[in-house]
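Note sheet for the following structure.
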There are 2 protein chains.
Amino acid sequence: MAGEREIRELTVDLGERSYPIYIGAGLLERAGALFAQRGLPVKSPLLLVTDASVADRYAGIVESSLRAAGYAVSRAVVPSGESSKSLGRFDDLITAALEAGLDRRSTVIALGGGVVGDLAGFVAATYMRGVRFVQIPTTILAHDSSVGGKVAVNHRLAKNIIGAFHQPEFVLYDLNTLTSLPAREVKSGLAEVVKHGLIWDAAFVEWCDSNAQRLLALDPDALGYALYEGCKVKAAVVSRDERENDLRAILNLGHTIGHALEAVGRYGELLHGEAIAIGMVGSARLAARFGYAGEIAETTERLFRKIGLPVRIPAGYDTEAIMKAMLHDKKFMEGQMVFVVPTAIGTVEIRSDVPAAWVREIVEGLKEEAGVR
Amino acid sequence: MAGEREIRELTVDLGERSYPIYIGAGLLERAGALFAQRGLPVKSPLLLVTDASVADRYAGIVESSLRAAGYAVSRAVVPSGESSKSLGRFDDLITAALEAGLDRRSTVIALGGGVVGDLAGFVAATYMRGVRFVQIPTTILAHDSSVGGKVAVNHRLAKNIIGAFHQPEFVLYDLNTLTSLPAREVKSGLAEVVKHGLIWDAAFVEWCDSNAQRLLALDPDALGYALYEGCKVKAAVVSRDERENDLRAILNLGHTIGHALEAVGRYGELLHGEAIAIGMVGSARLAARFGYAGEIAETTERLFRKIGLPVRIPAGYDTEAIMKAMLHDKKFMEGQMVFVVPTAIGTVEIRSDVPAAWVREIVEGLKEEAGVR
Ligand SMILES: NC(=O)c1ccc[n+]([C@@H]2O[C@H](COP(=O)([O-])OP(=O)(O)OC[C@H]3O[C@@H](n4cnc5c(N)ncnc54)[C@H](O)[C@@H]3O)[C@@H](O)[C@H]2O)c1
Ligand SMILES: NC(=O)c1ccc[n+]([C@@H]2O[C@H](COP(=O)([O-])OP(=O)(O)OC[C@H]3O[C@@H](n4cnc5c(N)ncnc54)[C@H](O)[C@@H]3O)[C@@H](O)[C@H]2O)c1
Ligand SMILES: [Zn+2]
Ligand SMILES: [Zn+2]
């Protein structure tokens with residue numbers, strides 16, 4: 001089928017730091033050729049960072065392709081899961097980079113989901129004050145995390161609090177890798193896909209609604225299109241505001257509540273996409289408090305239910321703990337609460353005048369009663 | 001005396017990231033006014049990072065001045081010494097920043113020598129992906145480290161290997177703080193002052209030669225002039241090549257050998273300036289091997305002796321350990337040894353064709369025989 005062979009290409013437009021995103025099936029096998037084509041130095045060793053679930057399936061394919069193109073590549077594997085986004089793992093990877101002999105012209109490669117991308121990206125941003133970086137995302141969620149250059153690790157007290165802006169040389173997205181994704185991860189990733197529609201493109205939200213079943217079944221045509229559209233929104237926003245001075249903050253729709261829920265669940269209970277799905281329902285309810293159409297909240301909630309994402313805060317999550325977690329959030333500034341609030345499906349505004357009392361009420365209202373969903 | 005009241009001002013010219021350096025006596029007391037004048041946000045809390053030896057003497061002065069100008073400031077104190085440039089201390093400071101409620105508009109202040117500057121600077125570079133940063137150097141050596149935006153922490157296997165480029169908002173250099181510097185630190189700092197002459201300005205090297213005693217006695221006029229000239233060279237080099245693509249590497253004169261000696265001495269035996277003084281003698285001998293005037297090595301060695309700096313590798317330092325430490329150096333690239341080599345007093349070149357055998361011979365030749373200096 002034509003769709004499976006097709007390579008979609010997009011550009012993240014950042015002047016001299018512009019870079020392409022390639023989306024298609026079977027791209028891992030072509031990694032070596034693409035590295036050479038993009039001019040990545042062949043004399044300096046590469047470090048491929050991946051996680052335990054991805055390594056066995058895909059690292060060998062990438063390494064063989066790179067070696068065939070003349071590159072020397074070492075592999076560093078971290079445990080799967082959010083807990084690897086820590087300073088401890090970061091330290092281990094710096095050790096691995098030194099032991100592999102990486103120099104200033106070397107490239108760090110992230111092969112995996114957003115965890116590996118954020119962690120390896122922070123290594124690339126800081127090793128010798130910055131080396132080249134390539135993103136090879138293997139989750140749906142990573143269509144978001146691999147584009148835009150935000151890299152980070154977590155701190156005990158706050159998520160993503162230690163980080164940098166470090167753009168990749170390019171993003172190589174092989175749709176074939178997504179076939180092994182656990183169903184729960186597929187749904188979690190679709191939360192960020194829908195987010196890109198909710199902030200920027202009402203027609204794409206409708207398309208997601210009509211094609212939810214195809215996406216859940218990992219239909220390659222539907223998936224290729226959805227990831228292309230999602231990346232397109234991300235690229236458009238990032239091109240306009242790389243360092244989050246203003247516009248880029250709209251990408252945080254649902255994330256203020258979402259990050260707090262992840263923290264309260266100790267980064268183990270809710271997946272990132274699940275947490276922000278609940279957060280986006282919360283933001284839509286905030287929109288209603290500001291007088292925008294109640295239909296925003298209804299559509300948001302219905303679409304996430306259709307995908308099989310949670311839309312309620314799990315029973316047992318303490319409201320005060322959630323509120324407290326939000327106070328350490330980057331979007332809390334100068335004593336006021338800042339939220340991204342939808343004004344209609346496909347468009348949002350940033351409000352810095354959100355009363356904490358409203359947020360508390362909405363958090364309370366989103367709580368699942370024990371046994372009920 | 002006029003010299004003591006005078007404020008010397010310089011600009012580091014980096015387009016929209018340009019910033020001033022203020023050098024003068026009694027500037028700590030004026031910190032608050034300068035922060036306000038430079039437009040640093042008053043609503044967001046500040047974090048003052050300092051070390052145990054500096055805190056008691058000077059932190060209170062800075063904090064009072066800032067509070068009088070309306071700023072809220074918290075203090076974080078790390079132990080004195082190179083070992084504080086670690087990921088562990090970095091982690092502690094991120095905790096301190098979170099607990100002090102720093103937000104994206106906050107400023108991190110480094111009050112201390114190069115250790116505090118590099119460490120606090122890396123916190124400023126990465127906390128929330130980068131916040132504002134002010135350098136208040138309190139050592140002579142820090143005239144070098146506080147200008148140019150290189151910030152870093154060390155790794156067990158290599159010095160300064162984890163870092164970023166993060167320019168300060170400004171540099172505030174109060175000459176009064178230097179009066180409490182231990183004599184050995186004074187000499188160590190003068191090594192970098194002389195380095196700036198050796199790479200850029202023969203007349204300034206001569207001036208240092210003629211004024212060595214005044215500098216060692218911390219004569220405020222001589223010191224103010226020397227720091228101004230040293231910062232001027234640093235600013236000129238950094239303005240031309242912020243990210244060390246080429247020219248900036250000349251600032252590493254003496255550092256390849258110097259860093260290796262610091263590593264072999266476990267960062268506790270030789271001070272940074274002492275290590276690079278020996279390294280600069282080594283580079284000057286390398287110059288002779290390349291056919292440049294033997295007088296370069298003689299002048300370099302004589303001047304460092306006059307200042308009271310070591311010019312020989314301490315007995316017991318193993319040549320192979322030194323060579324091995326150099327292989328992890330950032331300036332070792334693609335299998336070749338890269339060195340900054342003087343071609344005359346006041347000018348250098350970057351050579352990437354230095355045979356490791358020559359380096360080994362020079363290291364051997366620099367070794368102090370037990371009991372002899
Ligand atoms: N930098 C950004 O702009 C940005 C944006 C959004 C999210 N994020 C971050 O991304 C992270 C979440 O990313 P994620 O959801 O991809 O999580 P993840 O990286 O943990 O991957 C999810 C799980 O799927 C496994 N996996 C990955 N690829 C697989 C494959 N092809 N087949 C089978 N299993 C596979 C992983 O081992 C992991 O267990 C969070 O830390 C979040 O903060 C960053
Ligand atoms: N970033 C750069 O471009 C750059 C350039 C050169 C050096 N450096 C780094 O700078 C560091 C060395 O800096 P340093 O020599 O200033 O070391 P330092 O910061 O350790 O200070 C030296 C000692 O003097 C004490 N001290 C500082 N100010 C004092 C004062 N006014 N009175 C009394 N005691 C005081 C300190 O507590 C410390 O014990 C090294 O880590 C080196 O890598 C960085
Ligand atoms: Zn997200
Ligand atoms: Zn130095």
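Every residue, even glycine, has its Cβ placed from backbone N, Cα and C.
Of the residues proposed, A:E169, A:E192, A:E349, the one TrEMBL records at the same Zn(2+) site as A:H255, A:H272 is A:E192.
Cα separation, A:S80 (NAD(+) binding site) to A:H255 (Zn(2+) binding site), rounded: 22 Å. According to its DSSP assignment, A:K159 (NAD(+) binding site) is in a strand. Residues belonging to the domain '3-dehydroquinate synthase C-terminal' (A:189-331) score a mean pLDDT of 95 in the model.
Neighbour counts were taken at the CB atom with a 10 A radius for the binding-site residues A:S80, A:T139; the maximum falls on A:T139.
Comparing C-alpha positions, A:H272 (Zn(2+) binding site) sits nearest to A:E82 among the binding-site residues A:E82, A:S84, A:K159. For the binding-site residues listed here (A:E82, A:D118, A:E192), the lowest count of other CB atoms within 10 A around the CB belongs to A:E82. Secondary structure by DSSP for the domain '3-dehydroquinate synthase N-terminal' (A:77-187): 44 helix, 34 strand, 33 coil. In the three-state DSSP assignment, the secondary structure recorded for A:E192 (Zn(2+) binding site) is helix. All protein chains included, A:H272 (Zn(2+) binding site) registers 27 other Cβ atoms within 10 Å of its own Cβ.
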